[in-house]
Amino acid sequence: MANVVVVGAQWGDEGKGKIVDWLSEQADIVARFQGGHNAGHTLVINGETYKLALLPSGVLRPSKLAVIGNGVVFDPQAFLDEVERLTKQGVAISPENLRVAENVTLILPLHRELDALRENASKATAIGTTQRGIGPAYEDKVGRRAIRLMDLADIDTLPHKIERLLTHHNALRRGLGLAEFEAGAILKELTALAPKLLPYAETVWRLLDIKRREGKRILFEGAQGALLDVDHGTYPYVTSSNTVAAQAATGTGMGPGSVGYVLGICKAYTTRVGQGPFPTELDNEIGRKIGERGREFGTNTGRPRRCGWFDAVLVRQTVRTCGIHGLALTKLDILDGFEQIEVCVGYRLDGKEIDHLPAGEGAQARVEPIYETIEGWKEPTANARSWAELPAQAIKYVRRIEELVGCPVALLSTSPEREDTILVQNPFEA
């Protein structure tokens, strides 16, 4: 399989950034296909820490082409700020190595403000968004009123498109008793941004099709996780886009046959940020210990992540909905030293055992985990780079996960460092 898709197999924050960076050495192109700057990656390369939000991880690899696809929602100011920050760290970013889909939807200040207003209106209705305007921007995209990157190149039609957008947003603001946005101010802002952004604009579907026909390897980089998918996740506590592997095609303009190998990333335990069901959550000393050892705080928001035992039911479900061929298991080292480790192998709902997470919000909140206890290990797995360096019991744990989720482990990560990775099966050669 020439191309590889990387998706999160849990609720995001699984360590996709490191795995994508590690795989990007073998790729010619790294393409983002959904989400926005709400999904943070932390990469450690030769002791230097890089934090990415909107940019594909491929920008850290010289000679690689990074692409932001049409399925992404694109915040111009966040983009420019991230480019500036990484440039100060010595990363070369220019239109030569980064292209942005000309039909990508823009996130504007009015989207961020609306997102925050909704999220802070009531704790009862809060979803746990990052308040960065992601959801409102996707709403405008579906509502056919969004401003897209290509619109900045047509100054004659841009004012009309802004007026159309404000017809909707100012009606909302009047209902909320807020001052209306002025079209002139938005036009001035976008006109000033245009010369900084348009050099990156590209007909991405055509570019990728040409590269594919030339035999170039494409690595599709997903954001967040499959359990946050707007259709297949824990609705309504989800993101506003499709995060499953099939979106790699839609979000870049490629055909489904171009996707290739699907690599699912999951931690050796489970975490979640924000609201929503979490069957294996540990609201106790063990959960806090996992969080502290794993440094479980959001890259973008700094919010502490909720922590719990590995949930084989959920990962098995995402293996199916994403068509995952192999898993990359991360943060195995965080479980070093635990005498016993619990793994969720099923659920109990209203007295009955079930083998999947139900779609209903109420049922999701009522499921109880059924655990299997596995003996832990005392020897360290941290920084291991081969199976021979792993404790026997840690290997048994990995093998049991493979059995429970019905999918082999292709990669094993034992630290944030790029090189601390054990390769079982190369996704590009599978």
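The backbone N, Cα and C atoms fix where each Cβ goes, and this holds for glycine too.
Copied from Swiss-Prot, the annotated features are:
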{"type": "BINDING", "residues": "12-18, 40-42, Arg305, 331-333, 413-415", "note": "GTP binding site"}
{"type": "BINDING", "residues": "Asp13, Gly40", "note": "Mg(2+) binding site"}
{"type": "BINDING", "residues": "Asp13, Glu14, Gly15, Lys16, Asn38, Ala39, Gly40, His41, Thr130, Arg144, Gln224, Thr239, Arg303", "note": "IMP binding site"}
{"type": "ACT_SITE", "residues": "Asp13", "note": "active site, proton acceptor"}
{"type": "ACT_SITE", "residues": "His41", "note": "active site, proton donor"}
{"type": "BINDING", "residues": "Thr299, Asn300, Thr301, Gly302, Arg303, Pro304, Arg305", "note": "substrate binding site"}
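Cβ neighbour count for Asn38 (IMP binding site): 27 (other Cβ atoms within 10 Å of its Cβ, all protein chains included). For the recorded site, Thr130 (IMP binding site), the DSSP three-state label reads coil. In this view, Gly302 (substrate binding site) is surrounded by 8 other Cβ atoms within 10 Å of its Cβ, with every protein chain counted.
Take the CB of Gly12 (GTP binding site) and look out to 10 A: across all protein chains shown you find 27 other CB atoms. A 10 Å cutoff on Cβ-Cβ distances gives Leu332 (GTP binding site) a total of 25 other Cβ atoms nearby, all chains included. Of all the recorded positions listed here (Asn38, His41, Thr130, Gly302, Pro304), His41 has the Cα closest to the Cα of Asp13 (Mg(2+) binding site). Fewest other C-beta atoms within 10 angstroms, among the binding-site residues Thr42, Thr130, Thr414, are seen around Thr42.
Minimal Cβ crowding within 10 Å, among the recorded positions His41, Arg303, Arg305, is found at Arg303. In sequence order, Gly15, Lys18 are the binding-site residues from Gly15, Lys18, Pro304, Leu332, Thr414 with a C-alpha within 10 Å of the C-alpha of the residue listed as 'active site, proton donor'.
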